[in-house]
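What follows is a set of notes on a single structure, which appears directly below.
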Amino acid sequence: MPSNPKRFQIAAKNYFLTYPNCSLSKEEALDQLQRLQTPTNKKYIKVARELHENGEPHLHVLIQFEGKFNCKNQRFFDLVSPTRSTHFHPNIQGAKSSSDVNSYVDKDGDTIEWGEFQIDARSARGGQQTANDECAEALNRSSKEEALQIIKEKLPKDFLFCYHNLVSNLDRIFTPAPTPFVPPFQLSSFTNVPEDMQEWADDYFGVSAAARPMRYKSIIIEGESRTGKTMWARSLGPHNYLSGHLDFNSRVYSNSALYNVIDDVTPHYLKLKHWKELIGAQRDWQSNCKYGKPVQIKGGIPSIVLCNPGGDTSFQDFLDKEENEALKDWTLYNAVFIKLTEPLYDGTV
């Protein structure tokens, strides 16, 4: 008697699906896959649409589950056309390395995703597999505290002897983006902005990112207190605010900002630190942190330098000193100087 055909069954946390000759859009496919009822929660789905050389479309899909999903129905992942009675049946595989599948699915770039990709230790090269699994589990946690707890329980040796480095690394990995500044006044409140100052802002903020010049000039604004210069500078867009000293900690400094506001930082201090990097909008430079590893700064953005006249605060007076002649020539080439003689607003800001 012929033997019974082998029953279909795949048990895996990560599934790799390929739908040949599938006319569905990636959005339609993602919507149907999200609505599939499964005993274990779905964590991540990525759908990629690809065209064969003959022009026929097909879809690649990576699905990650919270735990192993035991699939016994080879039609479970079938998709349905919304316009006609057509079913699209996939080739179904358990993905041994979800990271490798993720890279493969990404190769043509026409993708859509839902959820958060779960790091797969099987893709890590070298080291013991068990340690890779524990590290992957820690990285997939939602907070530094949860990740540390996993390491403490499952990698106690690393927790005990590498605690300082662990905390430092996890601080960087789980650091939330700096909270965006919300200006208390609308930009239209500043009705007395000097023409040169407004022109500088319009030429940078009034155009698309692609149209902005490389290494746009910075601007140094000198004026008395309560002239509104800080509020004006902070109302132009997403920025880094460096007040009194320079702090490039990822909790307060973002490489995604459009510009820097340097407020009440003395010119002598800035000269010792990163004058040319910040005022010159230089790209890809490092800053040494007092209690940590050097921070990589993406750069390439201008700075608005704010200062008061006289004393040790005036950048103009500082650059007029004989020993700063070369720095003055460089700064005049890389920055616009504005001296305020009246408030930037009518009323109180």
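Every residue, even glycine, has its Cβ placed from backbone N, Cα and C.
Marked as domain 'CRESS-DNA virus Rep endonuclease' by Swiss-Prot on the basis of sequence analysis: 9-117. Residues annotated as motif 'RCR-1' in Swiss-Prot: 16-19. What Swiss-Prot records for E50, H58, H60, D108 is divalent metal cation binding site. Taken from Swiss-Prot, the feature motif 'RCR-3' covers 104-107, and the record attributes it to sequence analysis. The annotation ATP binding site is assigned in Swiss-Prot to G223, E224, S225, R226, T227, G228, K229, T230.
This view paints the features noted in Swiss-Prot onto the structure.
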| residue | record | DSSP (3 states) |
| --- | --- | --- |
| E50 | divalent metal cation binding site | strand |
| H58 | divalent metal cation binding site | strand |
| D108 | divalent metal cation binding site | helix |
| G223 | ATP binding site | coil |
| G228 | ATP binding site | coil |
R226 (ATP binding site): tally of other CB atoms within 10 A of its CB: 10
Minimum Cα separation from R226 (ATP binding site), reported as the residue among binding-site residues E50, H58, H60, D108 that achieves it: D108
Nearest recorded site to H60 (divalent metal cation binding site) by CA-CA distance, among binding-site residues E224, T227, G228, T230: T230
Binding-site residues compared (H58, H60, K229) - the one with the fewest other Cβ atoms within 10 Å: H58
Proximal but sequence-remote residues of the same chain as E224 (ATP binding site) (Cβ under 8 Å, at least 6 apart): N308, P309, L340
Between D108 (divalent metal cation binding site) and K229 (ATP binding site): CA-CA distance (Å): 48
Minimum Cα separation from T230 (ATP binding site), reported as the residue among binding-site residues E50, H58, D108 that achieves it: D108
Secondary structure tally of the domain 'CRESS-DNA virus Rep endonuclease' (9-117) (DSSP, helix then strand then coil): 20 helix, 48 strand, 41 coil
Spatial neighbours of E50 (divalent metal cation binding site) that are distant in sequence (at least 6 apart) but have CB under 8 A: P57, H58, L59, H60, D108, D110
Cβ neighbour count (within 10 Å, all chains shown) around D108 (divalent metal cation binding site): 12
Neighbour tally for T230 (ATP binding site), based on other Cβ positions within 10 Å of its Cβ: 20
Listed in sequence order, residues not in G223, E224, S225, R226, T227, G228, K229, T230 with Cβ within 8 Å of the centre of the ATP site Cβ atoms: L340, P343, L344
